[in-house]
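Q: Okay, here's the structure, questions in a sec.
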Amino acid sequence: MKKMHYYRYENAEVSCCYKYLMFSYNIIFWLAGTAFIAIGFWAWSEKGVLSDLTQVTRLHGFDPVWGVLVVGTVTFILGFAGCVGALRENICLLKFFSGVIGFIFFLELTAAVLAFVFQGQVREWLNDFFLANVKAYREDIDLQNLIDSLQKLNHCCGAKDPNDWDLNVYFNCSGDNPSRERCGVPFSCCISDPADTVVNTQCGYDVRLSGTPSKWSNTIYVKGCMMALEEWLPRNLYIVAGVFIVISLLQMVGIFLARTLIGDIEKVKFNYN
C-alpha cells in the first residue's frame, strides 16, 4: 500500500499586511499630489493663465505655482504607481516607485552635501535668484506674496540691503521714474506696530529719497534677506535637521515596503512555477 505524502508549502500568498500598508502609505501620496495639482491650477485660473497660456513665459522671475505643480505631479505619479502596484501586485510599478523614491533621496543627500561644501557659491546663487525675483516683483501676484512673506517673517529688505529695490522699475530712484513708489520699498519692508490692525501698504513710499540705510532703521528693516537667512539657519539647525531626518525616514519606509512586497510577489510566483 502506497503511503501518501503531504507537502507543506511556504506561504503561497502575498502578505496582506505589507500589501495594504503599502497601499495606505501611497494613498496619502496620491491624495496630496491631487491636492497640489488642484491648488496649482486654481492659482493659475485666478491669474487668468489658463485662458492665456503665453503668460507662463512672460514672467522673468520664479512663479511659485510651477513649484506647486511640479511637486504635485511627481507626488501624484508616485502615489498612483504605489497604489496600483500594491493592489495589482505589479512588480514593474513597485520597482518604479522604489527606484524614483531612492533617486529623490539620493538627490536630496547630494544637494545637502554640495550646499555644505560649496557654501560661497550657494550664497551667490541665492543672492542672484532673490535679485531676479525682486526685479520681477510686480509681474506675478504669487511671486509678490512670496517675497512679502519672506521679508516680513525674516525682518529683512532686499537681498543685501533696501537699495536692491532699485532693480525694480516701480521702486528705482531714477529721475524719469513716474511711479508713485519711486525710491520706496514694498510695505513688507516696513517695521510694523503689533497694535496695528490694518496694514499700511503705503508705509514704504519715499523712504529712500534721503538719508542712508542707518537712518532708515526706524522706519524699515535695513538688514538684507541673505544675511537674515545666514542668521536663521544656525538658530534653527536642529529643526532643519529634524525635518530632513523625518522626510528621509518616510522615504526609507516607502522603499522598504515596496522592496518587501516585491520579494513576496516574486516568492509566490516562484512557488507556483
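Placement of Cβ uses the backbone N, Cα and C atoms for every residue, glycine included.
Heads up, here are the entries from TrEMBL:
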| type | residues | note |
| --- | --- | --- |
| TRANSMEM | 20-44 | transmembrane segment |
| TRANSMEM | 64-84 | transmembrane segment |
| TRANSMEM | 96-118 | transmembrane segment |
| DISULFID | C156-C189 | disulfide bond |
| DISULFID | C157-C173 | disulfide bond |
| TRANSMEM | 237-258 | transmembrane segment |
Q: Using C-alpha atoms only, work out the spacing between C157 (disulfide bond) and C189 (disulfide bond) and round it to an integer in Å.
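A: A Cα-Cα distance of 5 Å.
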Q: Have a look around C156 (disulfide bond) and count the other CB atoms within 10 A of its CB, chains all included.
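A: Around C156 (disulfide bond), other Cβ atoms within 10 Å: 26.
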Q: Comparing the disulfide-bonded residues C157, C173, C189, which residue's C-beta has the most other C-beta atoms within 10 angstroms in this structure?
A: C157
Q: In Å, rounded, how far does the Cα of C173 (disulfide bond) sit from the Cα of C189 (disulfide bond)?
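A: About 17 Å separate the Cα atoms of these two residues.
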